[in-house]
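*Asks:* Sharing a structure with you now.
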């Protein structure tokens, strides 16, 4: 019975570690750089703005701009 409890505990720790780790750094599906843009901290004209993820609250802009 004790062995079963130890195995269950180990399994629980493994599952918890996996959940805490979560997915790898922001999913690159919606990443700005991977989709032909670059993250800018300055103003980006509305026509050049892309709706992709940028860290630190930056705006995703088309690479052709600036």
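Using N, Cα and C of the backbone, Cβ positions are placed for all residues, glycine too.
Look at Swiss-Prot and you will find 1-22 tagged as signal peptide. Summarising the annotation, Swiss-Prot assigns disulfide bond to 32-54, 39-61, 44-60 and lists an author's statement as the type of evidence. Marked as tyrosine amide by Swiss-Prot on the basis of experimental evidence: 65.
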*Asks:* Around residue 54 (disulfide bond), how many other C-beta atoms are within 10 angstroms of its C-beta?
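*Replies:* Within a 10 Å radius of the Cβ of residue 54 (disulfide bond) lie 19 other Cβ atoms.
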*Asks:* Within the chain of residue 32 (disulfide bond), which residues six or more apart in sequence place their C-beta under 8 angstroms from its C-beta?
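*Replies:* Looking at Cβ-Cβ distances below 8 Å from residue 32 (disulfide bond), excluding near sequence neighbours, one finds 38, 39, 50, 52, 53, 54, 60.
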*Asks:* Here the disulfide-bonded residues are 39, 61; which one has the lowest number of other Cβ atoms no more than 10 Å from its Cβ?
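*Replies:* Output over disulfide-bonded residues 39, 61: least Cβ neighbours within 10 Å is 39.
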*Asks:* Round to a whole number and give the Cα-to-Cα distance in Å for the pair residue 61 (disulfide bond) and residue 44 (disulfide bond).
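*Replies:* Residue 44 (disulfide bond) has its Cα 6 Å from the Cα of residue 61 (disulfide bond).
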